[in-house]
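The block underneath contains the structure these notes are about, expressed in structure tokens.
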């Protein structure tokens, strides 16, 4: 009897504790996890109350670095920084060759170059130009701009070719109207014409001054007085005349003198000299279309050698 009563009291106490635990769990639901019941059934069930989270533990060891990500796009440049202090002065520069180099073959001669041949000079625009220098004739220092010696080069050319120049350093050439203009625009230049016939007789003609205008003025010839020469004067007639070629007729004739006499020259109406005519090797039956100098050997004789050259006066 007493035993049954004790069992009943114990069961009631257990049930009361269960209700109190559930009530406390509900009250703490906002801060702690839910109550969890485990077991099978009846009085065998166990009530587990999960406590509130404890204090954070100590940090764990640092993990290994991950792999590098892809490189991002380059951003816009930032604003320029402030200028730094001036740097030290550089070493003195070398003078440009065109400022100190020779301008003519006469300059070369004055600097001790006594051998005739091809040399480099510098035009007023600092452009280098390789020219044939005659250091032997009449005191030397002559710049040769026209040479005929063997007929190896055709001189019956168009305007553009005469403008640029043509021929060979080994033989015949025309230096080019642009180059002749640049050479004679530097100051007063005297002109010498040397002629040799097929019997090796020499003739020459000298003029006090010689200048060729630029292309805009059709390479107009500006010639000074005839000074001397065994060949006589066959160029004054052409003074103040424009240059003409087979494709650009600037003469005073109704026809084209360059075509009629197969050359290129400062034709008037038409010529008394034609040093850029055909290489006809001495006496020829055709009229005035050879390397002719009328006051020398007339219209029907073509010279073996012709050279035109300038030197500062």
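Keep in mind that glycine also has a Cβ here, set from the backbone N, Cα and C atoms.
When the ranges 51-99, 100-148 are checked against Swiss-Prot, the one recorded as region 'Disordered' is 51-99. In the three-state DSSP assignment, the secondary structure recorded for residue 126 (disulfide bond) is coil. On a Cα basis, residue 255 (Ca(2+) binding site) lies 40 Å away from residue 126 (disulfide bond).
Residue pair residue 98 (disulfide bond) / residue 249 (Ca(2+) binding site) shows a Cα separation of 36 Å. Those same-chain residues not listed among 249, 251, 253, 255 yet with C-beta within 8 angstroms of the centroid of the Ca(2+) site C-beta atoms are 244, 252, 254, 256, 257, 258, 259, 260, 267, 269, 270.
In sequence order, 241, 242, 244, 257, 258, 267, 268, 269, 270 make up the list of same-chain residues 6 or more apart from residue 251 (Ca(2+) binding site) whose Cβ falls under 8 Å from its Cβ. Annotated pair residue 133 (disulfide bond) and residue 249 (Ca(2+) binding site), C-alpha to C-alpha distance, rounded: 32 Å.
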